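The structure appears below as C-alpha cells.
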Amino acid sequence: MARQMTSSQFHKSKTLDNKYMLGDEIGKGAYGRVYIGLDLENGDFVAIKQVSLENIVQEDLNTIMQEIDLLKNLNHKNIVKYLGSLKTKTHLHIILEYVENGSLANIIKPNKFGPFPESLVTVYIAQVLEGLVYLHEQGVIHRDIKGANILTTKEGLVKLADFGVATKLNEADVNTHSVVGTPYWMAPEVIEMSGVCAASDIWSVGCTVIELLTCVPPYYDLQPMPALFRIVQDDSPPIPDSLSPDITDFLRQCFKKDSRQRPDAKTLLSHPWIRNSRRALQSSLRHSGTIRYMKGADSSSEKDGEGSQDIAESVSAEKVGMSKTNSKSKLGVGSFRSEKDQSSASDIGEERADSEDDIMSDQGPTLSIHDNKSSLQSSTCSISSDAKGTSQDGKSEPDGNLEMEASEGRRKASATKQVGKESSIQMQQRSHSFGPKGEDRGLRKAVKTPSSYGGNELTRFSDPPGDACLHDLFHPLNKVPEGKLNEASASTPASNANQGDSPVADGGKNDLATKLRARIAQKQMEGETGHSNDGGDLFRLMMGVLKDDVIDIDGLVFDEKASPDNLLPLQAVEFSRLVSSLRPSETEDAIVTSCQKLVAMFRHRPEQKVVFVTQHGFLPVMDLLDSPKSRVTCAVLQLINEIIKDNIDFQENACLVGLIPLVMSFAGPERDRSREIRKEAAYFLQQLCQSSSLTLQMFIACRGIPVLVGFLEADYAKYRSMVHLAIDGMWQVFKLKRSTPRNDFCRIAAKNGILLRLINTLYSLNEATLLASEGRSGQLDQHEALLSVIDHPDVLKTRPGGGEEPSNSQRSDLYQPDGDRPRSSSAALDATEDVKQHHRISISSNRTSTDKIQKLAESASNGYAVTQPEQVRPLLSLLEKEPPSRHVSGQLDYVKHIAGLEKHESILPLLRASIDTMPRYFSKTMSKKVMAIEGAASASGVLSGSGVLNARLGSDTSSGLLSHMVTTLSAEVASQYLEKVADLLLEFARADTTVKSYMCSQSLLSRLFHMFNRVEPPILLKILKCTNHLSTDPNCLESLQRADAIKHLIPNLEVKEGNLVDQIHHEVLSALFNLCKINKRRQEQAAENGIIPHLMLFVMSDSPLKQYALPLLCDMAHASRNSREQLRSHGGLDVYLSLLDDEYWSVIALDSIAVCLAQDNDNRKVEQALLKDDAIYTLVNFFQSCPERHFVHILEPFLKIITKSSRINTTLAVNGLTPLLIARLDHQDAIARLNLLKLIKAVYEHHPRPKQLIVENDLPQRLQNLIEERREGQHLGGQVLVKQMATSLLKALHINTVL
C-alpha cells in the first residue's frame, strides 16, 4: 500500500528538465516561491526558487542568468551556495543549497522559541559577519540582510541566502514601485537611492540584531512607508534600553547615518561584544553543553525582574519627591503674595527649596478668611475716640499698623533671596494663627481697590482689632467722586425711585446723624469707664437710632444729592438686611433685588466684600444657584462676580468651596440656558484664568479645558468676546509652568473638538479682519463715518428678522484680555450688544476702540444729544493713537508692543473715567429701546450655516447692526486674535502623534488648505508651518495626501514678493519634501501639479532651499513616465548634467540620468539629449575627475547607461571612456573591479573597432595580470568573481584576435 502511494506521488510530482523533482513549498519571497527539491541524479536535497517571467524583459533575464552563473563560483561555509538556474516558458528556477532548519525569523516566532538571549545572538551574528566579509571581498553586496535570509543547520551553522539576485530581479521588474530590500532593515542611503555600498549591509546587520533580541526589527509598529520615512528622518533607530553596554555600542556603530562612518564587517568581528561573547560561549560549551540556553534565559529573566523592581522603586521615589515639590510650590509662601509679588516668584521658588517646613504655612491665607469673625467685625465696625491706627495726616503709627508695615516689608523683601528666607519664616510663624493678621491683610487689599480715595483713605478702614474708632466712618468723604454713590440706587425698583426723597428729608438726615453722633459719644464715655464696645454694640446703637426715627428701610433710597456722612450708617443696616434676604425661601423678586443692591453696594464700598465673605462665605449664595429661576441664577452669578472681581484671595476661596464645577454647569450652549447666565458664568471663569496660576490650575483640574472649547462658538459676530475668552484662556493654559506637559493639554482639547472650532474661528476672524480693513479704507474716515451716524440715527435700524432678548447686564469690556482688568462685571459682552448700553460720553480705557466709537454713535442714535461735538473728535483722535493695551498681571505677555507704545501711554489716563456713574436702570431703558426698534436683527444674520462671515460692507445681505459693527471694528483686535488662533493651531501641530491624528481629519485639513489664498502672509506662514509639522509625522502623510495637500502647497511657490517669501518657500518645500520622499505616487502628483519648474529654479539659482529642491528633483526621475517626460520637456536632463560638478549630488544626479535613459520611450528623446557633444564630454570628464570616495558608486549608473543604449555606449567609448576604464583596473576594491570588468565587456561588445581597442590599450596583458594576481592573491583575499570575469573576457578577446 505504501509502495503504491509513493509511486503515485512520484508520477504526479513536477520535474525540472528531468533533473530535479519539485516537492513541498517551504518559503515565499517578494519575487517567487521556494520549494524543496530532489536531485534525481545523486539524491541531494536542494532548494528551488521559482520566479515568474511575466514582467521581466528578455535582455534583463539574460543578465540575471549570467549573474547566477557568476555567483556559482562563490563558496563559503556561511553563505548558501548557488547551484545553477533553469528557465521554462513561464518561470526562472534558481537552484540553491538546501539548509534544513530554516530561517532564524521562523525560529524566533512566539509559538516556537521566541527572542534569543544576547549570548546566542552573538553566536549567529558573528557567523553572519564572517559571511559578509567573504561576500564583500568578492565584490558582492547582499542588500537584503534580515532574519528571514539567515538560514541555520541543525549544528547551529549560519548561512546567508538570497544575495545578489534580488537586486537584479527588482531592477528588471518594469512594474516595481519600490527600492531594493525589505523596508524595516533598509539603510537610509538605499531608501534615498543615493548609492548602495557594502556599509548598507552593516546597517541591516544592526536591524537583524534587534530583530533576534525582540522578535521584530526597528519601526515594526509602523506601516512600511511610515517606517521608511522614519529611517531616513531619525538620527538612529530606537535601541532597546535593556541591552548591555557592549551590544548597545555595537548597534550604534551599525546605525551611523553616514555610511562612510560605519565599520566594515571585518572590523565588527573584533568588536568587544563579539570577542567577549565568543570566549564566554567556548567556556559554556565545554562545561554545560546545551543546558546553557535555559540557564541563560533564567538568569536573564531574573535580571529583568530585578531591573523592573529597581525601576519601580526609582519611580516611586521620584513621585514622592515631586509631591513634595508640588505641594511646596502650590501652597507655600507664594500663596501669601499680593499681585505685586508675582515678579519675585523665582526668588521665592529658591527659598522653597531651602525649607521643607514651608508646607505647613499653606493653610494660612485661606483659613484666615473664615476664622475669628468677631475680630474682623471689630476691626471694621468698632469705635474708638483716639484713632490709634491712623493719624490725621495718613501716617501709620508703630503700634497700630505694625502688621501693615510687616506686610509691606515682606513684599519688598521678596526681591532678594536672603530677605525672602526671613519672610518665609515669618509666614511659617503666622500659618497657625487664624486671627486678625491674615484678615487685616485681605481687608487692606479690598480697601485699596478704589484708587480715587485720598492718600489717608488707604488706611481708613485698616484699624487693628483693638481700635474701635468710627471717626473715619463719619468723616466727610469729599474725595469720593460724585458718581461713586449713585449706582447704589440704580437697581432700586421703579416704585421706590418714584417716591424720590420722601422717606427721609435732608433735615431728617442731618438730625439722624446728630443723634447717632450723640449716641456714639455716650458710648465712648461708657467705654472709658470700663464698658466693652464691639461691632455688635455699634449695630445695636445704629438700630436704636433708626427705630427712634421710625425709618422705612424698604423704601429707603440713597439720593445722589444726599450727604455721604449720612449714607454710610444706613448702608450698613441695609447691607445686613440684604444679606439676610439671600435665602431660597425668599421670593424671586426679593432675591434678585437684594443681589442687585449688594452689587451696587460692593462697587462703592469694596471693603464690604470682606465682611460678606468672612461672615457669610459663598455657601449661602451657592444654595441659590440651585434655583430653577433663571433670573435668580443670573443675579446670583452677578453678585459672585462682583465679589471675586480683582481679588485673588476671594477667587481661591470660591474655588475651594466648589464653585467652579457649579458655575461651569451654566457655561454650556444657550439651548440649555439663557445667554445672560452663560455670559456671567464666562466672566467668572475668565477671572480664574487670568488672576493667578493657582486658580487656573483649579479651573483646569475641574475639567475647564472642555468648557473653554465650548466658548469657541462658530458665530463669531455674535459671540465675539466669548471667542476671545476661549482663545486667551487656552493660551493661559499652555503658558502654565507646571510639571504637566503641554502635550497633555493639547490632547484634552483636541479630544473635545477644539481643532475644527479653531479653524472655523480662524476663517471667521480672517473674514472679520478683511471686512474691518475694507471699512477703514473706505471713502469716509472714522471721524466722518461716526458723525454721519450721529446725524442720521436711522442707520442703526435693522431689517426685519428677529431680535435680541433684553439684558440688564451687558459687558463691553468682558473678556478683553489685552486691556486693563474690567472694572465691572456687568458691562456688555460683545460689540453686537453694545447698542443696548446707556449713554456714556466718558468711556473707560479698558474697552476696545471699537466699543468706544460705537457707543458715541449709539448714544446719538437713541436720543441722547451730543451737545459738545468737540468732545467726540478728541476721543476719536485718541482712539486713532491708542495701541493695543497690555495684559494685566498674570496674563500672557502675548501681544507684541508696537512702536511708540510708551509715547502714547499718557493718553490712557485721559480715557480712564468712571463708567458706573449713571444709574443701572439706564441699561434697562436702553435695552427696551433697542427692542422697540422694528425688526432688530442679530449680527449673526450675515453668517453662513457654518458660522462664517460672508458679508461685505454695504451688501444687501448684511444686517445694519453688523455693518455698523464691522465699520467700527478694530482691525488690530481682529488681526491680533487671528494671529493667536494661528499660533494655537501651531501648538497643536507640534504635539504628539495622537494630537496630530485629530488634526488630520479630511474636512479639517481641506478647510485649512482652502485658506491658503485668503489669508495675509504672516498667517499663511503659520498655517504652512502647521502643515510642515504634520508632514514630519509619517502617520499623517496619507491623510495629507487625501486632502490634496500637494495640490494646495505648490501654488505658494509662486509667491515672489514680500518679506516672508523665503520663509514661505522654506515651509512649502520642506512639507513637500516630507510628503514626496520615498513615495512615487506623491512624487508623480507633485509633478502633475507643476512642481518641476519651481524645483529647477531653486536649483539653478543656487537658493538656500536647494537642499530640499535637489532631492525632490532627482526623485522625479524615479517617479513615473509622466514625471520623466515633464523633466525632459523642462530641461531636467541639463540640470542633472550640471549637477555632476557638485561633489555631493553627482552620484544621485548620474543615477537619475541612468533611470531616465532606462525608462526612455520609443521616441528616444533622452538618448538624443545625451548624445549631444556637451553631454558626452560632461560624462567622460566626470568619470575622469570623480573623487575616489565616490568612484565605487558611479560605476553602476554608468553600467546602466552603456547597457541600455548601444549608441551612447559607442559614442562614450570612442570619446575617451575606454582608456579610463582600463586604467582603473588596478583599483583594490573588489566591487569596483567587478563593475569595471562588466563595463569593459559591454564597451568591447559594441565597439566599432574591437581589435583597435585591444591593441591600443594592451587589454589582454592587463587582464592577464589580474588573473595571475588573483592566483597569487594572498593579500587580496582571493577575489573569485573578479578572476572569473577576467578569464571570461580574456577568452573573448583571444577569439577576436585570432579571427
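Every residue gets a Cβ built from N, Cα and C, even glycine.
These come from Swiss-Prot:
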- Asp144: active site, proton acceptor (ACT_SITE)
- Ile26, Gly27, Lys28, Gly29, Ala30, Tyr31, Gly32, Arg33, Val34, Lys49: ATP binding site (BINDING)
- 291-458: region 'Disordered' (REGION)
- 483-509: region 'Disordered' (REGION)
- 795-852: region 'Disordered' (REGION)
- 611-649: repeat 'HEAT 5' (REPEAT)
- 743-780: repeat 'HEAT 8' (REPEAT)
- 998-1036: repeat 'HEAT 13' (REPEAT)
- 1125-1164: repeat 'HEAT 16' (REPEAT)
- 1279-1299: repeat 'HEAT 19' (REPEAT)
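For the pair Val34 (ATP binding site) and Asp144 (active site, proton acceptor), the Cα-Cα distance reads 17 Å. In sequence order, Val34, Tyr35, Ile36, Ala47, Gly102 constitute the residues six or more apart from Ile26 (ATP binding site) in its chain with CB-CB distances below 8 Å. For the recorded site, the residue listed as 'active site, proton acceptor', the DSSP three-state label reads coil.
Secondary structure of the repeat 'HEAT 5' (611-649), assigned with DSSP and counted as helix (H, G, I), strand (E, B) and coil, comes to 28 helix, 0 strand, 11 coil. Tertiary neighbourhood of the repeat 'HEAT 16' (1125-1164): same-chain residues 192-195, 1087, 1092-1093, 1096, 1099-1100, 1110-1111, 1113-1114, 1116-1118, 1170, 1174-1175, 1178-1179, 1182, 1186-1187, 1190, 1193-1194, 1196-1198, 1200-1201, 1204-1205, 1208, selected by CB-CB distance under 8 Å and a gap of 6+ residues from either end.
Packing against the repeat 'HEAT 13' (998-1036) from elsewhere in the chain are residues 222-223, 225-227, 229-230, 233, 750-751, 755-756, 759-760, 762-763, 766, 769, 978-979, 982-983, 985-986, 988-990, 1042-1045, 1048-1049, 1051-1052, 1055, 1058-1061, 1063-1064, 1067-1068, 1070-1071, 1074-1075: each is 6 or more residues past its ends and has a CB under 8 Å from a CB in it.
Of the recorded positions Lys28, Gly32, Val34, Asp144, Asp144 has the largest number of other Cβ atoms within 10 Å of its own Cβ. Cα of Gly32 (ATP binding site) to Cα of the residue listed as 'active site, proton acceptor': a distance of 15 Å. Mapped onto DSSP helix, strand and coil, the repeat 'HEAT 8' (743-780) counts 32 helix, 0 strand, 6 coil.
Rounded to the nearest whole angstrom, the C-alpha distance between Lys28 (ATP binding site) and Asp144 (active site, proton acceptor) is 15. Across the range of the repeat 'HEAT 13' (998-1036), the DSSP-based residue counts are 28 helix, 0 strand, 11 coil.
Computed over the repeat 'HEAT 16' (1125-1164), the whole-number mean pLDDT of the model equals 88. The repeat 'HEAT 19' (1279-1299): residue composition by secondary structure is 19 helix, 0 strand, 2 coil, according to DSSP.
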